[in-house]
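The domain 'Nodulin-like' annotation in TrEMBL covers 1-165. Here TrEMBL flags 50-74, 80-100, 112-134, 146-166, 227-251, 263-281, 302-321, 327-345, 357-376, 416-437 as transmembrane segment. As annotated by TrEMBL, region 'Disordered' applies to 177-196. Annotation comment: TrEMBL describes 241-443 as domain 'NFD4 C-terminal'.
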């Protein structure tokens with residue numbers, strides 16, 4: 001863009017406005033995700049896998065949801081799309097900003113059932129959007145029909161509020177029964193408890209620059225530099241770069257891959273449109289599944305990352321060797337793996353390095369996304385695609401004009417690229433096995449026990465405070 005401004009092909013004010021827009025938009029996106037996801041993980045640390053899966057799943061559906069609202073409000077007016085993107089996220093943020101905050105002692109025994117109810121509802125929403133995408137490809141919708149479908153979509157989107165209301169009512173009834181049936185006095189806030197809390201606080205603040213290379217035990221709160229410089233983070237970072245780089249290559253170039261392999265335009269449009277659904281299914285499935293596996297079978301969560309990386313290799317090989325109709329299967333496998341990578345990555349970071357600086361470490365993990373995309377998408381797939389396209393032009397005796405877009409046809413366009421990506425991804429899987437071996441003892445224990453104890457301590461303090469107020473009477 002800067003080059004276009006210098007050559008006077010686009011005005012400089014327009015370029016700087018666009019740069020400012022991209023800068024603010026990109027950072028606001030990261031800020032919103034961080035605020036919602038990190039806060040929810042801190043509120044429900046014992047159910048973090050399910051929580052991360054749900055939130056990233058809704059994020060995966062957001063594009064389809066906003067598209068439906070865009071067609072409902074503005075039809076095909078492309079200029080109004082920018083206006084919609086300006087006011088809708090801002091309005092939603094301001095409405096829900098007072099609600100998104102850290103609540104201590106919020107976990108309840110029935111949280112898992114409530115989260116699974118959320119999961120079922122979001123699956124219904126995703127199924128509805130999937131049907132709408134297919135139907136709208138086949139038929140032309142009128143304005144009134146868009147109003148009906150968008151109304152149904154919004155109702156499905158806010159349906160989880162019913163679960164929240166029912167859960168709050170159930171908790172309130174249980175507290176009333178406990179208050180009536182309780183005969184034993186509540187635990188007092190003894191000096192011993194105060195001493196324990198004081199020792200814990202001292203333990204949390206004892207880190208300094210001197211012990212930056214001496215991190216605490218896994219699961220305890222690491223400082224930012226202790227986490228970044230630890231072998232666990234470096235291993236996880238390398239494995240994630242190898243895994244995300246390949247999946248991003250397919251996600252970003254799926255249409256071009258389909259054209260080079262000779263697929264029909266309507267087929268390419270269909271599986272490009274459905275890619276968001278496969279990504280969503282990967283996110284929404286991997287959260288609860290990985291949470292169940294590590295709590296039930298004590299399997300290290302990095303092993304699940306290893307399995308995702310290996311599974312994605314099958315999709316790469318289907319593309320590399322141009323298996324008949326293989327791109328349909330490959331798009332499902334790779335879309336699912338791309339979505340599944342995120343909840344596993346975010347959960348591992350929170351479990352190994354604690355929650356005190358999770359908002360920063362969460363974004364450190366996100367850096368693997370652009371690095372992997374640049375290395376495998378730009379430097380490998382893009383370079384080899386252009387090289388093969390130039391070779392084909394020279395074979396046909398066609399001279400390329402300056403600035404002319406390159407088009408490559410045939411299985412050779414991406415064959416070598418995806419063979420290299422497969423090898424790199426397998427290397428990432430091997431690297432992730434190092435993290436599996438390093439963390440196997442950690443995951444054999446009850447990694448969420450301390451959060452349950454903290455929640456009980458907070459509840460006991462609240463009970464003591466309430467009883468003291470009752471004993472003192474009105475002032």
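The backbone N, Cα and C atoms fix where each Cβ goes, and this holds for glycine too.
Predicted automatically and left uncurated, TrEMBL annotations should be read as such.
Ranked by the number of CB pairs under 8 Å to the transmembrane segment (227-251), the listed stretches 50-74, 302-321, 416-437 are led by 416-437. Tertiary neighbourhood of the transmembrane segment (263-281): same-chain residues 57, 60-61, 63-64, 126, 129-130, 133-134, 137, 251, 254-255, 327-328, 331-332, 334-336, 338-339, selected by CB-CB distance under 8 Å and a gap of 6+ residues from either end. Mean model confidence for the domain 'Nodulin-like' (1-165) is a pLDDT of 78.
Between the transmembrane segment (327-345) and the transmembrane segment (50-74) there are at least 3 Cβ pairs closer than 8 Å, counting only pairs 6 or more residues apart in sequence, which means the two stretches are in contact. Highest Cβ contact count with the transmembrane segment (80-100) among the listed stretches 50-74, 302-321, 416-437 falls to 50-74 (criterion: pairs under 8 Å). Against the transmembrane segment (357-376), the recorded stretches 50-74, 112-134, 146-166, 302-321, 416-437 differ in Cβ pairs under 8 Å, and the greatest number is found for 416-437.
Away from its own ends, the transmembrane segment (112-134) comes close to residues 44, 47, 50-51, 53-54, 57-58, 61, 64-65, 68, 149, 152-153, 156-157, 159-160, 163-164, 167, 270, 273-274, 277, 280-281, 284, 288 of its chain (Cβ-Cβ under 8 Å, at least six residues beyond either end).
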